[in-house]
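Down below is the structure, laid out as structure tokens.
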């Protein structure tokens, strides 16, 4: 077909120009049939809707818009999460700071003693370590240097990681199979001390020196090397660069949580006085006082199931006051009736989650005393039976213990229910022993009981309980 043929278009008369406009900025060889994609020039009209070019150019823009929106939402959620985390951390820090203030509005006398201890530490009158025992415990002093309390930090307990006594460390290293007491919750001794004081106050026994959970910091406590280095670094920063040092929440050593028990004066180990009373018998009235105080110790130890009660960790105060108010011209003095009181200390190994059933039975050593063979008196029955026979009283006691025990960072609700089940069983046995006019010796020979809350699929306003007896005995049984 020649160029003059009517089938040839006039536009095709000239050879096609495959070069791009100079404004495009692209230079490609003029090859017929070459496919290239050219960016639209500024001011050029949009592609017709529905054309392939239009879809290809619009799709990335939509994807970018959606991606930007999703990224914005993610950043918003992350910012909200960070804000919530910051609020939670601030709330936790505020709660911790509130606890560390050691405020006891329900017991202003106890709070005043704690303030004296804090003031003494500020004046560099530090607590003094007690070298007896298997844990880190300290005599706390007032600004005048007098002993006012005994402090037992949580992390310095017999099985704590900062226990300064090497005996437990050696036992753990050489005999791990016999390390610890599997019937107890480890590192909860400070709560056990405070719990025993709570039970004592609820039952109005008045034999446990008031004990509560307190936070204290002292140079004489056993801290890790890291804590001491951090404390020295913060103090140095505060001295050298005050603007930086003032930003720290705490400058000194971190406070330790532990049990703070008021110190009792004039008491000696029960073993000392019991041996003396055996050699020098007491008058009848004085011996009666000792028996009534002894019964209170039995009630307390049995309810909390104290696994560490010997005759060397409860105290007796024997006071024989002399009345010298008579005339100085005479040599006569009037001797008043002696006064005997008992103090139950060292209650850190109580509230087990099961009755001892492995190697040792952890008996009550007071069960071998002659006072344990005497039936319970009417005075102790009148004091205790109305309380422990009332389900509402027992329930209130459980709730108070729950509020105390849940303060521990490692609190486990399941373990607490097991502890309460053991305590209910002890209360059940004690109630029956008091009603049957039994003696403390007969009480400890009763079979161990566990009273658990019955599980029911139906909701009920009242709780039901299941009672079970423990048949397994420890390898080294004492009865």
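Just so you know, glycine gets a Cβ as well, placed from its N, Cα and C.
The candidate list 152, 154, 336 contains one residue that Swiss-Prot assigns to the ATP site with 131, 132, 133, 134, 135, 136, 137, 261, 262, 263, 264, 346, namely 152. Range with Swiss-Prot annotation region 'Important for interaction with membranes', chosen from 268-276, 277-285, 286-294, is 268-276. Swiss-Prot marks one residue of 44, 192, 224 with the annotation phosphoserine, and that residue is 44. Checked against Swiss-Prot, the range among 249-258, 319-328, 359-368, 369-378 recorded as region 'Important for interaction with membranes' is 359-368. Note on Swiss-Prot: of 344-364, 386-406, 407-427, the range annotated with the feature region 'Activation loop' is 344-364. Across the region 'Activation loop' (344-364), DSSP helix (H, G, I), strand (E, B) and coil residues number 0 helix, 2 strand, 19 coil. For the region 'Catalytic loop' (305-313), same-chain residues at least 6 beyond its ends with a Cβ under 8 Å from one of its own Cβ atoms are 181, 183-184, 196, 269-271, 274, 345-352, 355-356, 362, 364-366, 369, 422-423, 426. In the region 'Catalytic loop' (305-313), helix, strand and coil residues by DSSP number 0 helix, 0 strand, 9 coil.
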